[in-house]
């Protein structure tokens, strides 16, 4: 037998996810918040880490008498997606004959793509493949094609394009990591340095393309900033003229309205694919092969999602968290799974979706314990139990906390063992410290609530950017999506040096605040970023909301600076960080898409997970 060396990832005393970046200056300068850490030591081991499952005792703890405690309630509705319903999902589009047909269509599309040499039609096809949600099948071909375009630009061999073609080429090159300069748009400016007024007269297609390209702006890129203002103003006037019946409400009008609602760069891939497939089918110049492949691929992916969800649902049922025992908390397993579909949808990432959905569901339960149900004394007990990470501490907890702690303890240890088997890294200390830090941030907010403290926006963001839980999602994403783990990447993740992680979490926090403010204020909660800004500046709620939206756009500049194709992290991981930001905008676009089970929430889940597209 060969001895296998085990490497240990020793955590730092805290996870400073938000180190100094440009975006922090918009909040409060460069001072960084680091919660106090527990006295947990890292023990190295050459055997299996301390991952023994614990048995949940039914004996009452000394603190379990809650008969005289008046507790808050969020009155969460039970889940509308039952265990039996989830297990009955057909997963129809698996195996033959679908696999053979898909492979044949894929080859036809591939020939179509590579056969168009250096032409605008080729760029338009890449754009269409992206919006139909099937470009991931041709990643290598697209990168090779765009490399040639970038080389032509760098050597001044590129043809003289109009605004539409230039903007489309720019957006695609930026998306795939090519450093195409913003100055390429100077050709469309007049002698005063402003975009030519003539552009707006007869080139709505070009203006829309420039609008979409402008959202790839990085810090200091004034030309793209000007382009966004210029195009947004014009497109809004264009829609106004449509509403007044001055302009025909055609396919272009549909695309313009869609873009103004949210730019393509900010949208989540699967939701955009569902929408665009339906719109593309209505067009007269649609390509039948592309449409059939997009529909079939959507349905085949959906069958994989259904299998993944069934797996997670069985775990949830076995844990007993989904048996109406957590009446004070949100049972939103399907919504938790939907997040993971948006973060990484590709078929090879089933393991990631299954693991991360568990984590998101646990975050939801524990968040509600701290936000709604627990007393301050009980929350301090739970925090200490997570910090100690000792099975014996379960007997010190109130009865209602035992099952969540039991599930958390076993789930984290199980996942740590999986990482040990897969990557030969002992990570249990790091994983449990991540959860301990999250609970400390939750506890800090609970103290604010019980004391009536109103934090400044600075202080709120320092804590809330961590309490949103994004850093824990990224920890599990890192180990689930990374094939070859390096010490450099581990140290960067540990110290919070990676922009995509920081900004993905921060965007999640701010989008959550925009979508959940009304409901959380009704039940009683700490002030969110909107109220903090209002309190700091005297702004109205509308003004505060606009400021938070501005901060989100500034966060995107930081994320655009992060080149996923030249990073110490895997491309798959960096894309996951950015996609979490996209999913936060998607889930909170029409309110609280995670907790609420309104028509928007049901439609999202039905469209992406439940109902296939008719072929």
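Using N, Cα and C of the backbone, Cβ positions are placed for all residues, glycine too.
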Given the ranges 362-366, 367-371, 372-376, which one is assigned the annotation motif 'DDXXD motif' in Swiss-Prot?
367-371
Listed in Swiss-Prot for the (2E)-geranyl diphosphate site shared with 367, 371, 509, 512, one of 314, 330, 440:
330
With an 8 Å cut-off on Cβ-Cβ distance and a minimum sequence separation of at least 6, pull the same-chain contacts of residue 367 ((2E)-geranyl diphosphate binding site), or say none.
442, 469
For residue 516 (Mg(2+) 3 binding site), nearby residues of its own chain (Cβ under 8 Å, 6 or more apart in sequence)
528, 588, 591, 592, 595
Mind computing the max CA-CA distance among 330, 367, 371, 509, 512, which the record assigns to (2E)-geranyl diphosphate binding, rounded to whole Å?
18
Within the predicted model, mean pLDDT of the motif 'DDXXD motif' (367-371)
94
Cβ neighbours of residue 371 ((2E)-geranyl diphosphate binding site) where a neighbour is any other Cβ within 10 Å
22
Counting every protein chain present, what is the number of Cβ atoms, excluding its own, within 10 Å of the Cβ of residue 512 ((2E)-geranyl diphosphate binding site)?
22
Other than its own, how many Cβ atoms are within 10 Å of the Cβ belonging to residue 330 ((2E)-geranyl diphosphate binding site)?
24
Using a 10 Å radius on the Cβ of residue 509 ((2E)-geranyl diphosphate binding site), the other Cβ atoms enclosed count 24
